[in-house]
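Chemist: Dropping the structure in here first, questions after.
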């Protein structure tokens with residue numbers, strides 16, 4: 001057996017990283033011939049039922065799946081690196097661009113409350129991510145966690161949204177980078193883009209955004225450790241600029257600019273909060289770096305909770321300084337801070353702000369390339385997408401193929417699409433993922449396979465459906481008749497009773513080993529409610545785009561992903577069975 005294992009290891013080492021055979025992209029039995037594929041399609045219903053009810057486990061995600069990458073990622077990060085990665089992955093286009101856009105068009109001076117609401121929601125999601133990342137320290141992040149707790153199909157829907165979030169998020173930041181670069185050159189924000197006669201929203205072509213994405217990805221592919229050093233430097237420069245923006249903004253504050261505080265009413269706060277949630281979305285990249293963290297149980301809580309706490313305070317202070325410095329109706333939606341300082345007589349400051357914004361958005365792209373490449377790697381390990389994207393380069397210890405997939409896709413979108421088209425779609429995907437994470441945490445705490453009684457599982461499912469349905473009802477009522485209150489008297493108590501039911505009727509089946517979310521089930525349930533509420537605050541166009549993307553995802557799943565993951569799972573089961581027989585034979589030679 002050892003001889004065979006050594007032969008396999010030698011074969012892996014001899015194979016080139018840069019290979020393009022069919023077996024690297026479609027190694028599953030269902031795709032070996034047209035006859036096999038037709039047979040697989042004829043079993044679609046059966047296989048879907050199998051994947052719908054199947055679950056992974058901690059050991060499989062941490063151990064077996066990682067072998068698909070052939071080479072290990074290098075453990076080179078500590079809590080200090082993670083804090084700066086968290087800082088660098090979040091503060092960028094969100095605060096420097098969306099603040100002005102949403103203050104001007106949606107929330108007015110109350111944009112500070114929008115950031116506070118989004119910050120609370122994001123912190124609840126951070127709690128959920130932290131508990132999972134400590135116990136399941138793999139590159140897959142939320143995809144791996146959901147495969148374990150909610151099954152393959154739920155994990156696929158989330159994985160598809162992760163990829164959508166990654167691709168669209170990078171494109172949005174890269175577009176914003178071009179706007180601030182134009183400001184730094186003392187030109188109009190769209191002056192460096194190519195104007196065409198295409199449909200509005202897609203008619204400004206952006207080759208600079210494509211170049212920036214390529215440079216950030218190249219740095220990320222070379223070395224994780226070197227990327228961390230670069231992130232330190234860029235984030236330090238960004239920190240200086242942020243401190244300057246806050247101090248200088250308050251120094252030129254005029255409280256009369258804060259009136260009226262709610263020009264768009266209370267709905268404006270939550271509608272803006274749903275959009276600026278995009279500004280908090282990068283923190284989940286830290287969870288994907290658990291595989292490269294030296295001491296995940298210590299470093300991840302410090303990195304995630306520390307960076308998010310600091311970020312929330314900074315966002316609120318920056319939003320407040322902007323709206324006190326300039327009337328919300330005069331704020332430039334594309335380069336808010338630069339133009340605001342120019343209007344108060346600090347013309348030179350706009351160049352410093354533009355430089356800081358560029359630095360911030362550069363680190364967002366850099367850390368995004370790291371985290372998103374790792375998400376994609378683990379998704380490919382499970383064969384949701386071709387396993388070629390799971391390969392880790394033997395010298396750099398980085399997933400080059402996966403990083404290229406995200407970067408090229410982002411570059412295509414960034415070349416055509418405007419920021420406002422991208423931001424609402426991104427926020428909806430992000431909110432959906434974080435809502436699913438809160439559900440998964442409740443399942444993890446209250447359900448353990450082959451341990452939890454069937455009647456308790458049924459209770460958990462019913463109570464979770466009550467929480468989700470009541471949250472959707474609250475969100476729908478807000479959207480349809482936000483000035484009323486009768487609906488809330490019904491939906492909010494139902495949500496409360498659903499959460500209370502979990503707390504009183506169900507015993508927790510699993511306790512976290514090192515660090516856990518406090519006040520379970522209340523905080524995860526609140527996270528579900530807030531995320532669904534913010535999703536309902538987005539416009540119809542966001543849901544239409546989300547629906548179209550979901551349909552495309554499902555077509556892909558039923559024609560490819562379902563059959564690839566089915567074959568992968570049953571191949572693994574067969575190997576486990578063979579190993580068990582071999583071990584039994586070794587122990588019983590007669």
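Any Cβ shown, glycine's included, is placed from N, Cα and C.
Not measured: the values here are computed from a predicted model.
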Chemist: Can you dig out which of the ranges 10-29, 30-49, 50-69, 110-129 TrEMBL describes as transmembrane segment?
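Modeler: Comparing 10-29, 30-49, 50-69, 110-129 with TrEMBL, transmembrane segment matches 110-129.
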Chemist: Out of 380-399, 400-419, let me know the one TrEMBL marks transmembrane segment.
Modeler: 400-419
Chemist: Out of 261-280, 321-340, 341-360, let me know the one TrEMBL marks transmembrane segment.
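Modeler: Going through 261-280, 321-340, 341-360 one by one, TrEMBL flags 261-280 as transmembrane segment.
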Chemist: Which one of these stretches, 200-218, 542-560, shows up in TrEMBL as transmembrane segment?
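Modeler: Checked against TrEMBL: transmembrane segment maps to 542-560.
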Chemist: Look at every Cβ pair spanning the transmembrane segment (261-280) and the transmembrane segment (542-560), keep those 6 or more apart in sequence, and say whether at least 3 of them are under 8 Å.
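Modeler: Answer no: the transmembrane segment (261-280) and the transmembrane segment (542-560) share fewer than 3 Cβ pairs below 8 Å.
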Chemist: Please report, as numbers and ranges, the same-chain residues at least 6 past the borders of the transmembrane segment (76-98) whose CB is under 8 Å from any CB of it.
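Modeler: 172-173, 176-177, 179-180, 224-225, 228, 231-232, 234-235, 238-239, 242, 275-276, 278-283, 285-286, 289, 292-295, 298-300, 302-304, 306-308, 310-311, 314-315, 318-319, 334-337, 353, 357, 360-368, 370-371, 419, 423.
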Chemist: Six or more residues out from either end of the transmembrane segment (300-320), which same-chain residues have a Cβ under 8 Å from its Cβ atoms?
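Modeler: For the transmembrane segment (300-320), the far contacts come to 79, 81-87, 90-91, 94-95, 99, 103, 111-112, 114-116, 119, 122-123, 126-127, 129-130, 133-134, 137, 242, 245-246, 249, 279-280, 283, 286-287, 290, 293, 515.
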Chemist: Residues of the same chain, at least six outside the transmembrane segment (110-129), with any C-beta under 8 angstroms of its C-beta?
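Modeler: Non-local partners: 99, 102-103, 141-142, 261-262, 264, 268-270, 272-274, 276-277, 279-280, 283-284, 286-287, 304-305, 308-309, 311-312, 315-316, 319-320, 322-323, 328, 434, 437-438, 440-441, 517-518, 523-524, 526-527, 530-531, 534.
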Chemist: Which stretch from 400-419, 425-448, 485-507 shares the most C-beta pairs under 8 Å with the transmembrane segment (460-479)?
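Modeler: Looking only at 400-419, 425-448, 485-507, the most contacts with the transmembrane segment (460-479) come from 485-507.
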Chemist: Express the predicted model's confidence over the domain 'Cationic amino acid transporter C-terminal' (515-564) as a mean pLDDT, rounded to an integer.
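Modeler: Average per-residue pLDDT within the domain 'Cationic amino acid transporter C-terminal' (515-564): 87.
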Chemist: Please list the DSSP helix, strand and coil residue counts for the domain 'Cationic amino acid transporter C-terminal' (515-564).
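Modeler: Reading the DSSP string over the domain 'Cationic amino acid transporter C-terminal' (515-564) gives 40 helix, 0 strand, 10 coil.
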